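**Student:** Structure in structure tokens, see below.
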Amino acid sequence: ATTMNAKSSSEGEEETSGMRNETLGESGRLGEAKRRRVIRVAYVIAALDLTFLFMQMGVMPYLAKSLGVDSVGFGYLQTIFGVLQLVGGYIFGRFADKFGARAALILSCASGSVFFLLMSLSTSIPLLFLSRLPGVFMHGMPGAQKVITDVASPSQRAGALGKLGLCFGVGIIACPPNSGDYLFFVSVYSIYVPTYVGLVGSLINTMIAMFWIPKQTKPKSDHHMTEQSDLFSIREILRLMKFPGVMEVFIVKVFAGFPIGLFMIMFSIISMDFFGLEAVESGYLMSYFGVLQMVVQGLVVGKLASHCSEMTLLRLSVFVFAIVGLGMALMRTVRHYCIIAVPLVFAFSMLATITNSILTKAVPSSDTGAMLGICASVQSLTRTVGPTIGGVLYKQFGVSSFGYLQLMVNLGLFVYLLKSKIPLGEMKSQ
């Protein structure tokens, strides 16, 4: 009888546990079908957001020139936007942790609407500078990453995050920056047409986030940020960096992609001066880059992430970056660049996906938004200091200097990753 009672009690506990797990699946982590739907919606929002971002990058030089902004003033415009994105990345991440991924995405899309509205009204230089201010909260990609991080299981996270690169490719193909398409808008319609398109598109994106992203994307037990927590805190950043493996992986993330980031910032000038391309040809080259991004992210990164360890893929991406640096140092024609672009896109995509996956697993689930915000600030930092450093490198040492810098930095990082034993482990919610 005692055995039967124990067995019955055990079965009852299992049934209760099963009911709890089922409830958690429905109200906490969402059901599997809902989970896939939310991830697809996040992809759509990210793709539209990046398309509009590239759109403003393309129209801004023409708009600034029409208002009488010289090259120095245009540099100030770019620097202000980069600084706002740099500061806002972490604040946006903390906002997502405190109020949820849905609220953060709505904030980002709404800020994009205000951004394009101010651009469409920019009939003077002060108004043009004022239009940069909403950029502090324009972080559609980190917002989509936050949704996917909350919804996807840890084993599926790297693959799901990797497919966000498809959205990047869609944005470049749909609206390649520095292409000749904007000359058409300026000559036939109006220089403000792209800003009107961006305004309407951002409003649509806001509505998608509002009605198709659930208010709660992770269990309530995972929310641990108090109402008194500051949205910007150096102490909180340092706290996150103290988790095992976070500082080491973050350093690799920053330095491995920095040289190629400088090259991409200077690419519009390099394409004209070094490759001798016209604006339309430069747009085609960027579209080629976008197609490669879609193929690599859609067909390669996810499959490798499911078959190889994250540390193996991190070392592989850094090693390939070093090989790319050697190729860049030796390239002389645009055909050489088209060949080098294949391993370049692979390494760039793999590094971004794997480091984001490792870092979000290494911190408590209540801090994943802040971690993604810090990761997004890396690109903003490159955009802020890149024009100055890249300009000096290009003027003093030529295009090959970017390749040699890429080679030396990533060879050093590869040796570091081989010798060091970085503790990688998933941090449970605390």
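Backbone N, Cα and C atoms are what each Cβ position is placed from, and that goes for glycine too.
Automatic, uncurated: that is what TrEMBL annotation is.
So TrEMBL lists these for the protein:
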REGION    1-28  region 'Disordered'
DOMAIN    35-424  domain 'Major facilitator superfamily (MFS) profile'
TRANSMEM  41-63  transmembrane segment
TRANSMEM  75-93  transmembrane segment
TRANSMEM  105-129  transmembrane segment
TRANSMEM  191-213  transmembrane segment
TRANSMEM  249-270  transmembrane segment
TRANSMEM  313-331  transmembrane segment
TRANSMEM  337-359  transmembrane segment
TRANSMEM  399-418  transmembrane segment
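Give me the lay of the land around each of these features.
**Tutor:** Outside the transmembrane segment (41-63), and at least 6 residues removed from its termini, the chain residues within Cβ reach (under 8 Å) are 74, 77, 105, 108-109, 112, 115-116, 119, 122, 128, 138, 140-141, 143-144, 147-148, 151, 163-164, 166-168, 170-172, 174-179, 181-183, 185-186, 191-192, 194-195, 197-198, 201-202, 204-205, 208-209, 212-213.
Sequence-distant contacts of the transmembrane segment (75-93) (same chain, at least 6 residues past either end, Cβ-Cβ under 8 Å): 60, 64, 69, 104, 107-108, 128-129, 132-133, 135-139, 142-143, 146, 231-232, 237, 369-374, 376-377, 379-381, 383-384, 387.
Outside the transmembrane segment (249-270) by six or more residues, the chain places 177-178, 241, 282, 314, 317-318, 321, 324-325, 328, 344, 348, 351-352, 355, 358-359, 362, 374-375, 378-379, 381-383, 386-387, 389-391, 393-394, 399, 402, 405-406, 409-410, 413, 416-417, 422 with a CB less than 8 A from a CB of the stretch.
If one looks beyond the transmembrane segment (313-331) by at least 6 residues along the same chain, the residues whose Cβ comes under 8 Å of a Cβ in the stretch are 249, 252, 256-257, 259-260, 263, 304-305, 337, 339-340, 343-344, 346-348, 350-351, 354-355, 358, 399-400, 402-411, 413-414, 417-418.
Note on the transmembrane segment (399-418): residues 252, 255-256, 258-260, 262-263, 266, 270, 274, 311, 314-315, 318-319, 321-322, 324-331, 390, 393 of its chain, located 6 or more positions outside it, place their CB under 8 angstroms from a CB of the stretch.
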**Student:** What same-chain residues lie close to the transmembrane segment (337-359): Cβ under 8 Å, and 6 or more beyond its ends?
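**Tutor:** Result: 145, 157-158, 161-162, 165, 245-246, 249-250, 252-253, 256-257, 260, 275, 285, 288-289, 292-293, 296-297, 300-301, 304-305, 310, 313-314, 316-318, 320-321, 323-324, 327-328, 331, 371-372, 375, 424.
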